[in-house]
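Feature annotations, reproduced from TrEMBL:
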type	residues	note
TRANSMEM	7-28	transmembrane segment
TRANSMEM	72-89	transmembrane segment
TRANSMEM	96-114	transmembrane segment
TRANSMEM	120-139	transmembrane segment
TRANSMEM	146-169	transmembrane segment
TRANSMEM	189-209	transmembrane segment
TRANSMEM	221-241	transmembrane segment
TRANSMEM	286-305	transmembrane segment
TRANSMEM	312-330	transmembrane segment
TRANSMEM	336-358	transmembrane segment
């Protein structure tokens with residue numbers, strides 16, 4: 001490695017540190033880490049803190065065994081989250097700090113995907129790449145969707161960056177392992193990920209097989225088999241213990257609760273959902289404007305320089321991106337997070353195309369570096385993520401949670417030792433069961449937390465009232481509630497009328513929003529006889 005190469009790589013590492021430090025600072029003072037943990041990050045924080053004790057008392061062996069008895073919704077994030085909480089003494093910032101590893105990983109993957117171009121040209125392209133908001137989300141969100149999409153994208157792009165007929169067998173196995181990790185980052189998206197990654201593998205290996213010399217055809221098949229086995233090994237191991245968890249989640253989301261999560265829109269709106277502002281721009285940023293022109297220029301350059309095999313690889317990548325677009329578009333369940341399976345490949349293929357252009361045209365590395373720095377300067381902001389104090393709804397959630405949840409925890413601590421309490425949250429927002437569960441687990445309370453967000457049968461609420469020790473229920477129209485079609489919203493007033501007249505419970509308006517709407521806490525008298533009465537606020 002020459003001196004220039006060492007300087008370029010060192011500069012890129014320092015640049016990633018700068019990127020992380022600025023983004024993390026924003027998280028701490030105005031982003032996710034400035035508010036209580038909420039959906040959906042809190043689900044993965046709960047999983048992590050639930051395994052932390054096992055790691056601390058039983059070591060790595062016990063920690064690994066925990067995955068066989070307690071399936072992880074994302075085994076990759078369960079590992080990162082647990083060690084992050086170990087690092088931070090259960091403070092929420094720990095897992096987010098370890099997200100810095102993802103930033104470095106994507107810089108390395110992009111470096112590899114850029115082919116044989118000068119190192120300072122790589123640095124320039126990667127700087128521009130990091131200006132896409134998706135990489136800010138990598139730091140600011142502790143949920144797998146964004147990382148999942150980018151891993152899928154770069155796994156596909158890397159297949160088009162090497163000669164699959166002659167790569168080392170060890171490299172083929174490493175690429176396969178990357179594919180397996182990409183799938184296991186979000187197992188609930190496994191069917192979609194397998195289709196996209198499978199399409200990319202088949203197309204790129206097919207191109208390599210058809211364009212290889214006769215002697216290289218067998219070698220291509222051998223490497224395909226090695227890569228496939230390496231990809232399947234971790235997936236099969238996970239599914240042996242967790243297939244039921246994956247199936248139940250997919251079935252619940254796409255079948256049982258489809259009406260809650262589905263987008264109520266016209267066919268045209270479904271078709272363009274992941275293509276237009278604001279969804280596409282929210283994660284792609286400048287790449288949203290530039291990706292198609294870059295791909296067209298890349299195709300023209302490859303045609304001009306008669307690079308037939310590379311042109312075929314580009315065609316394979318574009319087809320894979322098309323498949324990645326069609327899968328979430330065909331589903332009625334839509335969020336921009338799900339669109340990561342499309343946006344990740346868009347970014348990775350754009351990076352690959354920029355590398356192909358630079359390799360063919362051979363501009364000055366200084367010019368490429370300056371252009372990359374200019375794009376970053378114009379497009380990047382430390383503010384990132386979907387949750388922060390600048391969102392009025394999130395601010396209400398934070399205020400309500402900090403007002404109510406510590407009081408509930410204090411009440412739970414008055415329970416007779418050895419008796420486990422049940423806390424029911426009837427409707428989502430502005431306080432959530434997950435937030436209370438994480439806060440309680442941090443204080444050593446292992447209670448039972450349930451919610452009726454998706455219940456559409458009144459009898460389910462009646463049954464839950466009969467065994468709940470604390471019921472948390474908001475008034476209809478309170479600020480900070482979710483915008484999805486939760487059936488529990490239809491029962492809000494009925495729940496309040498029922499509980500306020502139940503002599504077994506003490507009733508209290510615990511939080512009142514700026515519009516005068518309240519959250520009620522109902523506490524079972526027999527469960528907490530030592531609890532001191534709390535003065536009721538004025539109605």
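A Cβ is built for glycine as well, from the same backbone N, Cα and C atoms used for every other residue.
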Contact set of the transmembrane segment (146-169) with the rest of its chain, CB cutoff 8 A exclusive, min separation 6+ beyond the ends, reads 76, 102, 106, 109-110, 112-115, 134, 137-138, 175, 178-179, 181-182, 185-186, 189, 193, 196-197, 200-201, 204-205, 208-209, 212, 216-217, 219-220, 222-224, 226, 283, 313-314, 316-317, 320, 324, 337, 339-349, 351-352, 355
Residues from the same chain, set at least six apart from the ends of the transmembrane segment (336-358), whose C-beta lies under 8 A from its own: 109-110, 113-115, 117, 121-122, 125-126, 128-129, 132, 134, 143, 145-146, 148-154, 156-157, 160-161, 189, 192-193, 196, 273-274, 279-280, 282-284, 287, 290-291, 294-295, 297-298, 301-302, 307, 310, 314, 317-318, 320-321, 324-325, 327-328, 368
Taking the transmembrane segment (7-28) as the reference, which of 96-114, 120-139, 286-305 gives the largest number of Cβ pairs under 8 angstroms? 120-139
List, by number or range, the same-chain residues at least 6 past the transmembrane segment (96-114) whose CB is under 8 A from its CB atoms? 12-13, 16-17, 19-20, 24, 27, 32-33, 80, 83-84, 87-88, 121-122, 125-126, 129-130, 135, 138-140, 142, 147, 150, 154, 157-158, 161, 348, 351-352, 354-355, 358
